[in-house]
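K.L.:
Input: one structure, supplied below.
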Amino acid sequence: MILGIESSCDDSSIALMDIDNFELKKYKKITQENEHSKFGGVVPELAARLHTAAIPNLIEDVKEFFTSIKAVAVTNEPGLSVSLISGVSAARALSLALGIPLIGVNHLIGHIYSLFLDKNVVLPLGVLLVSGGHTMVLNIDESGYIKLIATTSDDSFGESFDKVAKMMDLGYPGGAIIEKLALSGDKNRFNFTVPLKHDKRLEYSFSGLKNQVRTQISKFESLSLQDKSDIASSFQYTAISHITDKLEKIFSEYKFKNFGAIGGGSANQVLRSNLEQICEKFGSNLMFAPLKFCSDNAAMIARAGVCKYKNKCFTKPLDMSINPRCKLDGANLYF
């Protein structure tokens with residue numbers, strides 16, 4: 001089995017996966033959402049302290065399987081430095097103590113494996129990545145080579161939801177809160193402009209939309225629940241229109257045979273519905289990760305670890321480092 005550890009941001013998670021059939025033998029996740037919600041976002045120092053408390057307890061839960069673990073896979077890039085260190089330190093110690101290989105996993109590439117938790121990797125593949133501070137469209141060819149097609153020039157899809165939620169004192173994380181509030185809102189009440197609508201560049205930008213929302217909110221002395229619902233609905237509609245508007249242009253050029261949406265943002269049901277329409281229009285096979293595994297989790301890290309284990313992609317424990325920022329363009333997906 002492969003042991004996966006994930007601690008790139010504000011979730012501590014551990015997973016055990018069978019190398020041969022990808023069966024998830026054990027999975028547990030400890031979220032820090034309640035602790036960070038009062039601050040309207042993730043506080044790095046608090047995240048580090050909570051990881052330090054949670055990870056030893058998670059490892060204790062899989063102690064009975066130690067003799068069956070063939071390698072430990074851990075997220076070592078990208079993410080919050082203080083959070084990455086917590087997971088990598090634990091993984092390094094386990095590798096040395098158990099005498100098993102250590103595997104470093106790129107967190108964003110890990111999300112790609114969330115599409116294939118219980119099956120073999122399918123290539124070629126187009127990907128919409130909407131995870132935390134990242135919004136990207138990727139093309140992965142038959143060899144696993146990853147090409148970046150589009151990214152954001154400022155705020156990400158997820159960050160814009162978090163910031164709009166904070167503007168209305170709704171709590172953190174903003175994605176699920178805005179989506180739920182939007183259900184009872186009127187998406188046509190506020191006519192927010194879709195960013196870069198007539199710009200031919202394959203690029204995303206959410207800061208302008210965020211500022212449109214802030215300007216609208218400033219016009220109110222106080223916001224009623226209905227006002228908040230209408231703002232949430234109008235904002236969500238415009239943000240997703242921005243995603244799909246650029247995707248239509250990308251699909252026209254790339255003709256994806258398979259397409260997957262990954263990351264916490266891909267759990268949004270309105271976005272999923274829009275992606276279904278696009279993929280039906282262009283004849284692309286659409287894939288999603290199970291809702292439980294859209295957000296950060298160790299199952300996807302273990303799944304990536306299985307592929308890297310089979311390809312003998314190991315790192316010496318004392319040589320493993322963390323990388324808070326990294327590029328996906330030119331990276332490879334193992335299968």
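Indices start at 1 and increase along the chain as displayed.
Quick reminder: no glycine exception, Cβ is built from N, Cα and C everywhere.
What Swiss-Prot shows for this protein is this:
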- H107, H111, D296: Fe cation binding site (BINDING)
- L129, V130, S131, G132, G133, D162, G175, N268: substrate binding site (BINDING)
K.L.:
In Å, rounded, how far does the Cα of H111 (Fe cation binding site) sit from the Cα of G132 (substrate binding site)?
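P.N.:
Here the two Cα atoms lie 11 Å apart.
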K.L.:
For N268 (substrate binding site) and D296 (Fe cation binding site), what Cα-Cα distance in Å is obtained after rounding to a whole number?
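P.N.:
Rounded to the nearest whole number, the Cα-Cα distance is 15 Å.
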K.L.:
What three-state class does DSSP give D162 (substrate binding site)?
P.N.:
helix
K.L.:
Long-range neighbours only, meaning 6 or more apart in sequence with Cβ under 8 Å: which ones does S131 (substrate binding site) have?
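P.N.:
Result: L108, H111, G158, I262, G263, G264, G265, D296.
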K.L.:
Give the residue from the binding-site residues H107, H111 that has the most other Cβ atoms within 10 Å of its Cβ, counting over every protein chain displayed.
P.N.:
H111
K.L.:
Round to the nearest Å and give the CA-to-CA distance linking G175 (substrate binding site) with H107 (Fe cation binding site).
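P.N.:
Their Cα atoms are separated by 20 Å.
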K.L.:
In Å, how long is the longest CA to CA span across L129, V130, S131, G132, G133, D162, G175, N268, which the record gives as the substrate binders?
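P.N.:
Site span for substrate, by Cα atoms: 17 Å.
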K.L.:
Could you measure between G132 (substrate binding site) and H107 (Fe cation binding site) for me? Cα positions, answer in whole angstrom.
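P.N.:
If we compare the Cα positions of G132 (substrate binding site) and H107 (Fe cation binding site), the gap is 11 Å.
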K.L.:
Please give me the CB contact count at 10 A for D296 (Fe cation binding site), counting all chains in the structure.
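P.N.:
Around the Cβ of D296 (Fe cation binding site), 27 other Cβ atoms lie within 10 Å.
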